[in-house]
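A.B. asks: Structure below; questions to follow.
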Amino acid sequence: MAAPLIPVLTAPTAAGKTALALRLAREYGLEIVAADAFTVYRGLDLGTAKPTPQERASVPHHLLDVVDVTQSYDVAQYAAQAEAAIVDILARGRLPLVVGGTGFYLSALSRGLPLTPPSDPKMRAALEAELQERGLDALLAEIEQANPAEAARMERNPRRVVRALEVYRAAGRFPGEFGYSPPAFQYQVFAFSPPAAEMEQRVQERTAAMLRAGWPQEAQWLAGQVPPEQEPRPTVWQALGYAEALAVAQGRLSLAGAEQAIALATRQYGKRQLTWMRRQLGAEVQSPDAAEAHLRAFLERSGAPS
């Protein structure tokens, strides 16, 4: 019997995908497989808008809180664990719903992992030093000049930029040019985004609520676990808003200033997410209502109980 098509629900940060996913999961008896680069970390709760204990008690979730903030975690680990979770869910007669906005993770599942050469520690160290000396924009510009599509895949993530240049300088090709290992499953992507004005309001309100709920204190805790000044910059400190939240906790930035800075960064990231959905996932970005209707129709066809 052929493996079923696995549904994926994605949207920009703050668009409301978690609320929609929870509603559909309760209605159709789904289990949620998270696709978020930072909710995998234990302790990053408020700043990642991780589902609450009550929400997780009402719907089974996978790939949340799987690694400590002091540990490294990469896309290959994510893909292996997410695919194992999907196998387990299907074996129990349930249907998974992949939910998240981290394009790199979604691409790894739906397209497979790039067949790139192994890492070269010496080259990696040299590039990390170059990153500190020249800055992220200079290294990104080097990728952009050689392969604009590869540059778009980087999402301004320093680790991805370093890895891309490591592979390029060693082999003359970027990771995305090596082809991909076959994905374990086939996926149907349902992508949505509210109108721009609504998104702006949602981002602003969400940011303010997260800061009031204790995000600065969470960032202060994180700094005690993983100093943000470490070089290379720790992965957990690449999460949106944590640097600003820490600045609030340390009295270096006002709450209002942090709110504006984080909201701006979130809107900019949301635009990059939409670009990734269209270019890398091949998704049609619909209105929330249209995406929900299409996903419901998919679930009805799949035989998910309602």
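The backbone N, Cα and C atoms fix where each Cβ goes, glycine too.
Look at Swiss-Prot and you will find A11, P12, T13, A14, A15, G16, K17, T18 tagged as ATP binding site. Per Swiss-Prot, substrate binding site is recorded for T13, A14, A15, G16, K17, T18, and the stated evidence type is sequence analysis. The site 'Interaction with substrate tRNA' annotation in Swiss-Prot covers T102, R124, and the record cites sequence analysis as its basis.
Can you walk me through where each of these features ends up in the structure?
C.D. replies: The secondary structure of P12 (ATP binding site), as reduced to three states from DSSP, is coil rather than helix or strand. Long-range Cβ proximity for P12 (ATP binding site), meaning a same-chain Cβ under 8 A and a gap of 6 or more residues, is found for G101, S193, M199, Y269, G270, K271, Q273, L274.
The Cβ of K17 (ATP binding site) has L9, T10, A11, V99, G100, G101, F192 as same-chain neighbours under 8 Å, each 6 or more residues away in sequence.
Long-range Cβ proximity for T102 (site 'Interaction with substrate tRNA'), meaning a same-chain Cβ under 8 A and a gap of 6 or more residues, is found for A35, D36, A37. Mapped onto three states, the DSSP output places T102 (site 'Interaction with substrate tRNA') in coil.
Around the Cβ of R124 (site 'Interaction with substrate tRNA'), a 10 Å sphere holds 16 further Cβ atoms from the protein chains shown.
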A.B. asks: How far is it from T13 (ATP binding site) to R124 (site 'Interaction with substrate tRNA'), counting Cα to Cα, in Å?
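C.D. replies: A Cα-Cα distance of 31 Å.
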A.B. asks: Tell me the Cα distance separating R124 (site 'Interaction with substrate tRNA') from A15 (ATP binding site), rounded to the nearest angstrom.
C.D. replies: 36
